[in-house]
């Protein structure tokens, strides 16, 4: 086993120096947590509180059809989940996490203010009966874009920035346990923020209008910026490495250039000056060609750095890319689970056709039933961390209870169960509607409580709690510290691809299952469609996804034979010949 000293980051080029500077005074620690968590919590309440009723705002204020409005919101959601990749790139390579979070917070603030202005200024929306002009749409879409860019700056960096504050003492043997508790607490706090958004903000919009409904999120974003900036003197602010992503790109380019080279028998691989890695690992061996030294005289400078970075890479660069490649298969298993757990359009139509009364005088809005997923997720991660983990640790020997991959896998199994329950409930709901003569009345209320939908949401919440926290911890543990913002962005990208895949699937199913006068499975009228068939289809996809996950764990996942461990100072790679290419 070889070990690489990292000086607080993965070094990607031998002629790049680590620019990380830790403060001389005592900084970081639990004292910084309120500022960091409050920043993203306020952002979550503001952005998530805007989304549930936005389709009604577009329909009434901008005369958009249901199809057009839904398309706009799907694209906005996809953009919001793609921008964290940009935020991670800027954070890891150029500005550092602190600056990117500040820029993201300001962008979100400006976006929410612009959206509030569309409600405040009559000229910002078209007159009654007219379509919006290009200027009005530009203001609206500009607000959406700024909010998305802001989320891209905050979401991939915030959780990793908090972890930086808690692991400044690299010799602390409790670091792993501290990080585990931090991830769970962070996730629970975000869950509470989402609950607040889906209840308080939505209620304000329903009862007091859009001016106040958008004004409150604007105020929350002001608080988000202020709370984070106030913690400036307390933060540990590690500076970004230069051209981290460039170093990874260089490995790909040089590997292609050297594809015809034979592996050296004399071990002539380029090692950076401070590296303790004598030779590259054997898994993904084809990438090792990027660090083969052809001519030591012309390829290497006197100080040991490469004279041609696009013709010769270091072993450190190669191993960094290998780590990224190895986590991608596990990452890809998160796409289908989040696609299956976010079928909000179907569940809203189902809930609207059912009895939603909580008391004789109060009924829950159809769009609010998704809150049961968030509540379950929040309660689960808190109970799991404080009650279940200590019990499991006695039997598994793992300080976090189940291993990261085991939690991811259990979450995938629960996603299958959630879809099976959803299909079963829909069979009963549809049969009841037809028996009551409501087949042609999509707004008719069947004699069945909408709370029969709650179990599928609760199972989905536990699935997301296990899979989501497991993925975050897995990415964070497997990647070099300076790439952890990218690791968090990968989690957000799951949601982006899940949204795009969900949009594609539902349109494809609608087209294929529509036969002349026969409505499709996903018809606007749930009593005429077959949502249950669609849920069974998703259950099959989730099952196939779980089998794919098992294959990924067998081939790529850390095990007794193949294990990658990244810490604050170094990473270790244990090889197995079966991983050779």
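Using the three backbone atoms N, Cα and C, a Cβ is placed for every residue, glycine included.
For reference, TrEMBL has these:
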type	residues	note
COMPBIAS	1-20	compositional bias 'Basic and acidic residues'
REGION	1-25	region 'Disordered'
TRANSMEM	98-117	transmembrane segment
TRANSMEM	137-163	transmembrane segment
TRANSMEM	184-204	transmembrane segment
TRANSMEM	216-235	transmembrane segment
TRANSMEM	323-342	transmembrane segment
TRANSMEM	362-384	transmembrane segment
TRANSMEM	405-425	transmembrane segment
TRANSMEM	486-506	transmembrane segment
TRANSMEM	533-557	transmembrane segment
For the transmembrane segment (486-506), what are the same-chain contacts with Cβ under 8 Å, counting residues 6+ beyond its ends?
74, 77-78, 80-82, 84-85, 87-89, 92, 155-157, 159-160, 324, 327, 331, 334-339, 342-343, 345, 468, 471-472, 475-476, 478-479, 522, 534
Which sequence positions outside the transmembrane segment (98-117), separated from its termini by at least 6 residues, show Cβ-Cβ distances below 8 Å to it?
39, 43, 46-47, 50, 87, 90-91, 124, 139-140, 142-155, 157-158, 161, 211, 214-215, 217-218, 221-222, 224-225, 228-229, 232, 235, 237, 485
Contacting positions for the transmembrane segment (323-342) when only residues 6+ beyond its ends and CB under 8 Å are counted:
248, 283-284, 287, 373, 405, 408, 411-412, 415, 418-419, 460, 463-464, 467, 471, 474-475, 478-480, 483, 486-487, 490-491, 493-495, 497-499, 501-502, 505, 538, 541-542, 545, 548-549, 552-553, 555-557, 564, 566, 571
